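K.L.:
Structure below; questions to follow.
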Amino acid sequence: MGGWSSKPRKGMGTNLSVPNPLGFFPDHQLDPAFGANSNNPDWDFNPIKDHWPAANQVGVGAFGPGFTPPHGGILGWSPQAQGILTTVSTIPPPASTNRQSGRQPTPISPPLRDSHPQAMQWNSTAFHQTLQDPRVRGLYLPAGGSSSGTVNPAPNIASHISSISARTGDPVTNMENITSGFLGPLLVLQAGFFLLTRILTIPQSLDSWWTSLNFLGGSPVCLGQNSQSPTSNHSPTSCPPICPGYRWMCLRRFIIFLFILLLCLIFLLVLLDYQGMLPVCPLIPGSTTTSTGPCKTCTTPAQGNSMFPSCCCTKPTDGNCTCIPIPSSWAFAKFLWEWASVRFSWLSLLVPFVQWFVGLSPTVWLSAIWMMWYWGPSLYSIVRPFIPLLPIFFCLWVYI
């Protein structure tokens, strides 16, 4: 019982090849309470055991980092167990496993025929012509360098300025152009969406003004309610589909939409006429005929070059005709008057009245000023829904 036994063992400490199986007995000094060196001496008397010298080094253990009891006892009577700390030099790893640190030498570049075989197909003339391209020179030659073929060695210390100005790859796309290319459409889309939302409120505002004419001095209430389709009190501009006034609301808004489209069409025609794109040639003073072609066919204007469009006066003679520069609004008004007078003969009876009205121009201006002063606030409430259309008209006037 007192010697070493080689029969199989069971339980803790079966693997005898593992040094110090319990993990905290550096010198294998078991306490007598455990029956050391008596009934179970297998570990202390095993001649094949690994003495494991690293177990004598004090380190992080069960008692915390670097904690050593002040006396022996459970850790034995080694110097470390007595609280005597010894500095143990760290054994460096073998050279075979040591990692190489620092910058590795740059490998030798492969020959041009291997890295760029397509370049070998160029002749010397084409190759040198390609090198003259500023984009190619910027890739391979430093700023201010020469193309003599002599390559200066790179300095040991990289300059901050040269690292910024040097180009190591393909030219970077100008981010300012990319930003402006994205911001432009986004701003146009945002402005268009804002104007669209404002324009969509025009029919509702005009519908409210239209229905308010029937309720002077009172709040507008839908008159389409009856016993057959009882609905709650609501405004005539927001009738539900079950209300009999719903069809009238749709009809009013349809008429308002047609009026808005007609207004936009008139503005577009006036704009095109101002640009000289419409064959609008009114009656010429002292003549009863109009020209048959657009104003652009005129070759001899009456008053030289003018920024205003010129309209033809008579049929061309010898390839030339007489043209007069006139305001676009006057030309368009004359065109509409001629078109209407041909189809409605009774309009010719209004000509004397119009001439008399034009002759009273000072009185007309004073009357217009007085009416605007008197009806200005009420007219502003009528014109206010059309204010969002003004930016659109301005953009069309500028860019068309």
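Backbone N, Cα and C atoms are what each Cβ position is placed from, and that goes for glycine too.
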K.L.:
Checking Swiss-Prot: are THR237 and ALA340 on the same side of the membrane?
P.N.:
no
K.L.:
Write down the single range among 1-20, 281-300 that appears in Swiss-Prot as region 'Disordered'.
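P.N.:
It is 1-20 that Swiss-Prot annotates as region 'Disordered'.
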K.L.:
From ASN233, ASN320, name the one Swiss-Prot lists as N-linked glycosylation site.
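P.N.:
Of ASN233, ASN320, Swiss-Prot lists ASN320 as: N-linked glycosylation site.
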K.L.:
The transmembrane segment (182-202): which same-chain residues, six or more beyond its ends, come within Cβ distance under 8 Å?
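P.N.:
Same-chain contacts beyond the ends: 256, 260, 385-386, 388-389, 391-392.
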